[in-house]
Ligand SMILES: NC(=O)C1=CN([C@@H]2O[C@H](COP(=O)(O)OP(=O)(O)OC[C@H]3O[C@@H](n4cnc5c(N)ncnc54)[C@H](OP(=O)(O)O)[C@@H]3O)[C@@H](O)[C@H]2O)[C@@H](O)CC1
Ligand SMILES: [K+]
């Protein structure tokens, strides 16, 4: 599903209205009706609905909602923040209909009207926030700020129309203050502000509802951002034929592990095999061989001589490079440690190998000192940095990256021609062409050691099974998050281990296959 910024939503509206002749008032009517459907589903949770309207079309949606609820016999009260005379055309039209129905509509524009409004912010009243949507253009101030803060302080249940007022639909940033909604009905397609943090915390549950805009109009706007949903994921899951053998499910090569970090190698391998890879070779320092083969007998280990205890020596590189025509994919980095040997190996693999490469963890750290190596790469590269690693790659602060995760990932991918998986509570996958996929599943239990190694294993596995690097990254991130959700539902968030995610993976894949 596409994910829009405000201006793209406005382009969709304009195309629907001007080029396809769908009157704006019809779109507003549809918008109001789909929100009413959601309000009716909550019927046992309120006695009265209090609708707070702003000056634009978001407010216009609010008036439509009021009319339909009134028709259905629900007790409704309507407020306009600011001056009724400043309502825009369509909002004014719907306001006028309400007036003809002898609705009493009050303005909130001074201390006494503010006090009168606050009396409605009590238990039993559902507050509908129709103040601002995709037209938010600046920081909230004045009477708007007072209204939003009063709602946050006193209201018991709030439903936002399209976006919580005060959230920037382009970024998810809070423009001064914002409504803390329990539920948000996002219209047509979700906006970035419905999905990214901190906005996501203000949206509550997000419900996406169409309002009769044909898909072709949305496609013609050329949006490059996507929300990862099952409709994108389902076709990516590798098919398993009854009459098949392990060679049909790909061969992978993982270079991982060092003394003290053998677990990273084990987790990446388990995740790769548990998500369906046919054959896997793990290249490890020889002193880890016994430990690894006893922990995970299904993997073929290639023990390599060490330059010093637990670190693969440079003399092995020729063997790894010669072997690199064997697999369908190479992953390098989990638990390798930061050392000049691994840096040299990555440089040579980038220069000489033509199979797709997944670079994670210490591989990323090695690369961050010499990003220009990417200029000479012969293979597609997937990088999977978390915010700290992205900071090392770009020189940006964590705050700057968190403030613009999509922009950061897109700029990096375009500059270095990589598929970039910027991991976080909303992982962002960006392609060199500027396409973006945002993932929303997963939970805070997954913020645990080894979680990234599992993701590397899944993405590597999906490339081995024939997916292109972008598809593998998208499916891998989704499955990883879903595995976390499944396991947390069973065990709770606090004690989730990365190893649990490996178990969850099989369940997440099965869920998709059986759907
Ligand atoms: N277009 C369509 O066909 C459809 C749109 N739909 C609905 O419309 C919504 C978008 O409507 P919209 O474009 O009118 O913008 P909206 O969010 O109502 O606010 C704009 C108003 O707020 C004002 N304003 C902004 N920031 C402010 C601030 N900080 N403090 C004070 N004022 C501020 C701004 O003033 P201005 O910037 O012009 O000075 C302007 O007056 C969309 O989210 C969806 O709900 C649906 O009905 C389906 C059909
Ligand atoms: K709103």
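Using N, Cα and C of the backbone, Cβ positions are placed for all residues, glycine too.
Any TrEMBL annotation is an automated prediction that lacks curation.
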Among 395, 452, 457, which residue shares the AMP site with 423, 424, 425, 426, 427 according to TrEMBL?
452
Using only what TrEMBL says about K(+) binding by 58, 129, identify which of 24, 165, 200 is listed for that site too.
165
Going along the chain, which residues six or more apart from residue 137 ((6S)-NADPHX binding site) have their CB under 8 A from its CB?
none
List, in residue order, those binding-site residues out of 58, 137, 424 with a Cβ under 6 Å from any atom belonging to ligand 1.
58, 137
So of 60, 335, 424, 452, which of the binding-site residues has the fewest other Cβ atoms within 10 Å around its own Cβ?
424
Long-range Cβ environment of residue 423 (AMP binding site), under 8 Å and at least 6 residues apart:
384, 385, 386, 387, 452, 455
If one looks at the chain holding residue 426 (AMP binding site), which residues at least 6 apart in sequence have a CB under 8 angstroms from its CB?
195, 196, 197, 200, 405, 438, 439, 440
Provide, as an integer number of angstrom, the distance between the C-alpha atoms of residue 144 ((6S)-NADPHX binding site) and residue 129 (K(+) binding site).
12
